[in-house]
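A short write-up of the structure that comes next.
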């Protein structure tokens, strides 16, 4: 596959699922882009906000360990329903409305990814690895838009919830895609609140130490740096500005490029 046609994987944060207009703008931008370009696209998504809502309605208290949701196996049907069901189909609905040939998938479909339990203390939380790219490559070749939830199935036949960032990295490795993290920020800001065009580990560590990068942005940056270690580089941009997304897809500099 040539560089011009290298797939782009868009990882969507769960917060965008609560913003109907942002979703419509996003998929409209993708539709505009694909009218003139043939670059294969994929989406991997989380859905923590919807999981929280479902568990709350079930009167289930949710706990986290080092930022990862503890998911007892008796809770995984609700979590899988929220992620592979509600979250995935909300995105599918917007994609289809925009005229995109979207296909809703999980990490398990077509044996795309293998998963093992991450930590017994976390319960039904898995870590995935690339396995078989045939299904995704076929869909991409035929012009479909895979929309992939972070639910996987282990060799033990049990359902697992995988961190969506890690799932996105794994799918990128599987199909040779570039990775774009879309969140609610334009990129990483410097001390003057200007977007940093390119960020490496050394600069990120300094800005975190100086508390220029902190709280939620620090979490995003650390995830991006981890992804860059495996993929070479990733992009951070905002779903709030769909016009910038079209520019980014066209190869223009938008947001922050995170490198090793």
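A Cβ is built for glycine as well, from the same backbone N, Cα and C atoms used for every other residue.
Keep in mind that this is a model prediction, so the values were computed, not measured.
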Note to self: Looking at substrate binding as recorded in Swiss-Prot, which candidate out of 39, 69 goes with 47, 48, 161?
What the structure shows: 69
Note to self: Going by a 10 angstroms cut-off between Cβ atoms, which of the binding-site residues 47, 48 has the sparsest surroundings?
What the structure shows: 48
Checklist line | residue 220 (site 'Transition state stabilizer') and residue 48 (substrate binding site), distance between Cα atoms, whole Å | finding: 15
Next item on the list: Starting from each candidate's C-beta and looking 10 angstroms out, tell me which of the recorded positions 11, 69, 220 has the most other C-beta atoms.
Entry: 11
